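Student: Please find one structure pasted underneath; my questions will follow.
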């Protein structure tokens, strides 16, 4: 029996330490830069435009493999083969900062890519510009695999270890120095790679060393704040109205326009003074931009009524260019803000007062500028536990602008905690009278179509179950979110109501509708979910509050008739009927409503946490061609799935470019009269590795978000851990030769078993360990993902050695195929999880690996079954 090993040129020298170091630093630099780019374009464009840009840019990796495969000459010597390593590494080090700063200056209307030819061409230029450094980085690694295929395990191990370093370092760099600093740190690592690969080239070594030192100084400058590069905003064009309220008593229209990045403008009424100046606070979660002070009527995650109308000095704060919140001047002096009693988000406190509850214990999830904390203190809260995920927001309200807001968070009743809200709920054992969530979005996932694929664990059935467990006997959860039923059918609040009903039913409540009340202001509504049934007094108090403040009224409450007398608008009447149907009908009627609705109203779960995905796959085709035109009401909540369109465009672009660069080497080989044997088997094997690996990586990140407490922790721990253990597995692949058919199939079956285990059992294990300190939870997460990473790391070097034995020109081509399908898989994983859930996607990944292992058996034509 002939094992799956290689017989590459015996004259090939052992891989030198500088080469291994160069591959290590290039991988670290490329991954850290990829994360920095994602953050940059999440700020400049919509969240999913960032995925589109970065995904296509990463195709530079695959393109480099295709070029290396075409250029490969089996008759050239080893020195000739490796001659291009240093020039490519130096080009990578030079191109990285150049493409970054040039790309950040290109102005693109993100939501008008198909309607403006010039805009579209600029976008294509951006993609090409950003792909350049990845091309050179990928070319270095592809050539290394060609030259050192006999040591593929060691080489792949250093590749993975370097990537693990980049994954671990990126969030720290973003927190410390922002996006610009993270990009310069990536450039510094690229410079180190060029120095390592400079070999005997003294002039080249000096050039690489000078670049490296310059990049280090630039990083230190960004880190200290002495060096500043402002990501540009076109303030004359980008405008977003975030509040729109007609006041019939005062005969005024209130609107606040915000300068935002490309393509995010909706409508605008008037300009705010001096909006070209802003202060920036960096974070790996979201960048904060604090804007100059202006006077405006009270705003913030809901709407204010007509009583005690007041305009106050405030500063607007945006998160990644959107997700606005507000800092109110002298917020700690609550006497200056009588209108807090007239806010829609006061509805839960007003209901509690009918029970005689005047000193509630309050949990606020998502602090923002502090409006919810102000409201709780205004209503004489005995304690306010404020949980905020973004550390930059914490720094803003406790240090940078603590004086401006009157030291609001220094009140002894307020405890401020930097943690993800859902993770805090999982660990807390305290009881609260009110749990308030006002416009909370983990990824500032506003309801615009571009954000519909953002996952959020605060709006799932399990999340509401957790909140109910944390309530006092008569306590309530209060969500404040847009409803928009005055302009069209409700979706956010209606889906939230269905989710609340499901959670109450799972908690054993026989009549869940008695525990839900919904008060609509104008465009926003408060959805209250009470542990005990609502009383007639509470419902009457909410109705009176709505009438007094000029709100639309109570959309649903147990003790109100479902007639239309309270608010005669047809849209409001339709909304009331929909809410009554969703909450009071039997299961069969509810299923009919969910099935017939044009929007996806099914309750999200922790396995499919896409609350903002309102669009059914079956209806997506009918939305193509729609645009965000018309009034603010349709642009803020468009009736077309922009997020789906963006990711679909990403899939199409990646697929077309991948096909081009995969077929190009095949065409070149055939033209030379040297068609290569085993191309199909090699293609399937390395495509399976690319798809399967990224599927597993993304699903494990989602599985561990709640356990680790923050999305950034999950991304860092899982990404770094998977890459580290895959590198360890690659190193082990060279320690246990030969690789027989039986061992390969065993490894493939092992991946499938581990995926099934990770799909169903980690929740029980992590639930037992959730109270441990963060370092121990991180260690537990690594122990959980370690075996999977080690087994996954065995496959790639095995395939490279087999390809080298069968046809050396296919080594770089295999690298290209793997890279293309990794990029494609990063998009497909989310789209699949939307429909099937992350657990099923994880099992699918295991099956893909098993299929890949089966095709891997045929990579060596003489491989036969054998024992051992």
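Easy rule for this one: first residue shown is 1, then count along the chain.
Keep in mind that glycine also has a Cβ here, set from the backbone N, Cα and C atoms.
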Student: Of the ranges 618-635, 744-761, which one does TrEMBL flag as transmembrane segment?
Tutor: 744-761
Student: Ranges 586-606, 712-732: which does TrEMBL label transmembrane segment?
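Tutor: My reading of TrEMBL: the transmembrane segment range is 712-732.
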Student: Would you say the transmembrane segment (155-174) and the transmembrane segment (682-706) are in contact under the rule of three or more C-beta pairs closer than 8 Å, pairs 6 or more apart in sequence?
Tutor: no
Student: Other than its close neighbours in sequence, what residues sit by the transmembrane segment (781-800), given a CB gap under 8 Å and a spacing of at least six beyond its ends?
Tutor: 4, 6, 145, 149, 152-153, 155-157, 160, 682, 685-686, 689, 692-693, 696, 700, 704, 707-708, 717-718, 721-734, 739, 744, 747, 750-751, 754-755, 758, 762, 765-766, 811, 814-815, 818, 849, 852-853, 856, 859
Student: Which listed range (84-103, 645-670, 744-761, 841-859) shows the maximal number of Cβ pairs under 8 Å with respect to the transmembrane segment (180-199)?
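Tutor: Ranking 84-103, 645-670, 744-761, 841-859 by Cβ pairs under 8 Å to the transmembrane segment (180-199) puts 84-103 first.
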Student: Mind checking which residues reach the transmembrane segment (841-859)? Cβ under 8 Å, same chain, six or more beyond either end.
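Tutor: Contacts of the transmembrane segment (841-859) (Cβ under 8 Å, skipping residues fewer than 6 from its ends): 4, 678, 681-682, 684-685, 687-689, 691-693, 695-696, 698-700, 703, 741, 744-745, 747-749, 751-756, 758-759, 792, 795, 798-799, 802-803, 806, 829, 832-833.
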